[in-house]
Structures are given as structure tokens and as C-alpha cells.
């Protein structure tokens, strides 16, 4: 799955490099078209769930209404902060580069390069971090992400922005799987599907929150792109404190 996402990211970056010089409307049109294609593929190839409704109702009736435990709530809030930071950096990189005078084709190439770099960086990190605590890796990793995001917020150099973004991509690749591992370790075995589903909703909550946060921070930073990176840095730096409460 990770390789497929990386390949898709590389293709999307190259597509952006070609279409951005022609105008943003073409990039939006391509985005809409690929979303429709993805929906058609999902409807065609994903298996339909048969006979699952009665089983779900039976489980709900037997156990009563399920409430997320406090540990899961805190883990989800921490995951939401991480998702806000990750999405803010990724979504606003092209705008920030254009605001800093980069040519229109450069954002697409930066995104493609990051997508190619991600799986390459994942392989050595598995051996290097084997046996380490998920909480420690997530805490240290998000602090580094916060520092990199703040560097991206204050710099005016496209080269420094891209370098910090590539480093963020490497760290994100390492940390993404750690969230699922942390959930698996903390959840009771019978409730793991619910825990995964609930914690995974953090990305759905984060996505609509990023644009207003970027606009609000942009008033202080002087530009929307820099504001997005500032918001990302603050969000990343909040994660270790939330994880510390979970550990406690």
C-alpha cells in the first residue's frame, strides 16, 4: 500500500509540474477527473459486504452503546494534531513556493521527488528504529517535524523550503505506521477494529480544519503559505504533550 501511494504521489507531482504553468484551473480539473476515476474503480473492484447489517446490529445490541475510552480519545486528538501538521505542509507547499518566487513547474517536481524519496527512506528506518517505543518515536519525530515546519515558515528561500519539505516527508513516512502500531498496542483485542476506525477519523477532522487555520496564521505570518507552515509547526509540537498524557 505504501509503495502504491508513493507511486501515485510521484505521478501527481509530475502532473502538477505539467499543469501548473498552464493555470490552476487545469490542475483542479485533473483533480476532479482523478477523483471520479477513483470512485469508479472503488465501486467496480471493492467487494460488497454481504449479510453484515444483522451482525452489526446484534453486536451493538449485545454490548450496548459503545463509548470511546479516554485513552483512545487522547490518542485521536494527538493523531488529529499530527494530521493537521502533515496536511498543512503538503497542501500548502505549492502555494508557498510560488509566493517565494519559484517557477510554476517546481512545486510539482518537489512533490514528485518527495513521493519517490518516501519508500526509499522507509527501508533503513525499520532496522534503525526496531524495538523502540512507539511513543518515543512519535514524540521525537513530531518535535523534529515541528522544527522543520517552523523553518519553512520563516525562510524565504525556495531551496530551503524544498529541503525542509523533503525531510518532513521522510519523517512522516516513518511515523505514519507508528500511529497504527500504537493503537494496536493500546486497544483491547476485541475492540481493535473500533479503535482503528475511531482514531483514523482524525484525518477526516483535520482536512477541513487546515484551510481556516492556515488563513488565520497567515495574517500573522504575512502570507498564507507561511501561515500554513506556522500552524503545522504548532500542531506538531503539541503532539508530544498529548502523548505524554496518554503514557501517564
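Placement of Cβ uses the backbone N, Cα and C atoms for every residue, glycine included.
Predicted automatically and left uncurated, TrEMBL annotations should be read as such.
Cross-referencing 135-156, 157-178 with TrEMBL places the feature transmembrane segment at 135-156. Residues 104-123 are the range that TrEMBL records as transmembrane segment, among 4-23, 104-123.
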